[in-house]
Amino acid sequence: MSQKTVFMFLLLAMVGTTMVEGQGTRVGFYATTCRRAESIVRATVQSHFTSDSSIAPGLLRMHFHDCFVNGCDASVLIDGSNTEKTAGPNLLLRGYDVIADAKTQLETACPGVVSCADILALAARDSVVLTNGLSWPVPTGRRDGRVSLASDASNLPGFTDSVDVQKQKFAAFGLNTLDLVTLVGGHTIGTTACQFFRYRLYNFTTTGNGADPSINPAFVSQLQTLCPQNGDGSRRIGLDTGSQNRFDSSFFANLRSGRGILESDQKLWTDATTRTFVQRLAGLSFGPQFGRSMVKMSNIGVKTGTNGEIRRVCSAIN
């Protein structure tokens, strides 16, 4: 039996203990009502990924941002002048076209059955798999929310947050410190813009080289070359140096080496209360744990039963 097969077996066995009784989501929710639901989403994500591999981290981030505002109800997808997608932290989200494409195909195959919230949860998992990460069973059965306000997105985790603030934001949704460090590990794929970390490289302190002392000194000059003080702030830099397109544990190895890009990420190593988890996840445990923590996150504030709706178009309330 292969290592991946063993991990999948363990994840399947653990889903039952991860889910909370009464939430209404379950693995295989569409087994009788839309048997091809998961395969349609998977094929759609694969098609877009083939054209643009950067869509994978985009979909993963979108699911995270959706769940942390009013629960995993696809409210981040709704268009409007004051909806969540217009909030500052969401302005650079990508992947709306992938979700819309999958929804169009699902409405043809199974009209009014599969929610946009479930499409987003499945697409996030498929994105991890496409970047060589382990798969996990995604509980489905979410319904879509009818409320989306930009003001509700003001408390999303931020790149300057201290570890204490990060813990508070995750704990508010029932996620513990292990979940926090694990889910931040999603930064093993994707990029960020110079404008979100360049301040760490210049005049951060009045001593030494002026950079954030938690950054490896040899790495500072490398980052300064990529992001000059008065250069293009929109230039994209990989969050996991040397492995930004592969879902693996090297992100945590980079944190140990002082090569974290975002201040909030590097603090997970410099803070004693999270360092142990970084150390642990730098090994083989990251893949299986990511699946477990994603299942927990994807069950935040879900709407099931008669709550919410099944949107006909993901960008608009019925």
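Even glycines carry a Cβ here, placed using N, Cα and C.
Annotated features in TrEMBL:
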{"type": "ACT_SITE", "residues": "His65", "note": "active site, proton acceptor"}
{"type": "BINDING", "residues": "Asp66, Val69, Gly71, Asp73, Ser75, Glu84", "note": "Ca(2+) 1 binding site"}
{"type": "BINDING", "residues": "Pro157", "note": "substrate binding site"}
{"type": "BINDING", "residues": "His187", "note": "heme b binding site"}
{"type": "BINDING", "residues": "Thr188, Asp240, Asp248", "note": "Ca(2+) 2 binding site"}
{"type": "DISULFID", "residues": "Cys34-Cys110", "note": "disulfide bond"}
{"type": "DISULFID", "residues": "Cys67-Cys72", "note": "disulfide bond"}
{"type": "DISULFID", "residues": "Cys116-Cys314", "note": "disulfide bond"}
{"type": "DISULFID", "residues": "Cys194-Cys227", "note": "disulfide bond"}
{"type": "DOMAIN", "residues": "24-318", "note": "domain 'Plant heme peroxidase family profile'"}
{"type": "SIGNAL", "residues": "1-22", "note": "signal peptide"}
{"type": "SITE", "residues": "Arg61", "note": "site 'Transition state stabilizer'"}
Confidence summary for the domain 'Plant heme peroxidase family profile' (24-318), mean pLDDT rounded: 96
Neighbourhood of Cys194 (disulfide bond) by C-beta distance under 8 A, where only residues 6 or more apart in the same chain count: Leu226, Cys227, Gly231, Asp232, Gly233, Ser234, Arg235, Ile237
Distance check against Cys72 (disulfide bond) for the recorded positions His65, Asp66, Glu84, His187, Thr188, Asp248, keeping those with Cα within 10 Å: His65, Asp66
Asp73 (Ca(2+) 1 binding site) versus recorded positions Cys34, Arg61, Cys116, Pro157, His187 - nearest by Cα: Cys116
Residue pair Pro157 (substrate binding site), His65 (active site, proton acceptor) - Cα distance, angstrom, rounded: 9
Cβ within 8 Å of the mean position of the Cβ atoms of Thr188, Asp240, Asp248: remaining residues of the chain near Ca(2+) 2: Gly185, His187, Ile189, Ser243, Gln244, Arg246, Phe247, Ser249, Ser250, Phe251
Cα distance (Å, whole number) from Cys116 (disulfide bond) to Asp66 (Ca(2+) 1 binding site): 11
Residue pair His187 (heme b binding site), Cys67 (disulfide bond) - Cα distance, angstrom, rounded: 17
Cα proximity to Thr188 (Ca(2+) 2 binding site), best match among recorded positions Val69, Cys116, Cys314: Val69
Site of maximum Cβ density within 10 Å, from disulfide-bonded residues Cys34, Cys72, Cys227: Cys72
Alpha-carbon spacing, Gly71 (Ca(2+) 1 binding site) to Arg61 (site 'Transition state stabilizer'), which is rounded to whole Å: 14
Cβ within 8 Å of the mean position of the Cβ atoms of Asp66, Val69, Gly71, Asp73, Ser75, Glu84: remaining residues of the chain near Ca(2+) 1: His65, Cys67, Phe68, Asn70, Cys72, Ala74, Val76, Gly145, Ser148, Asp152, Gly301
Spatial neighbours of Arg61 (site 'Transition state stabilizer') among the recorded positions Cys34, Cys116, Asp240, Asp248 [C-alpha, 10 Å]: none
Pairwise CA distance, Ser75 (Ca(2+) 1 binding site) versus Cys116 (disulfide bond), rounded so that it is a whole Å: 9
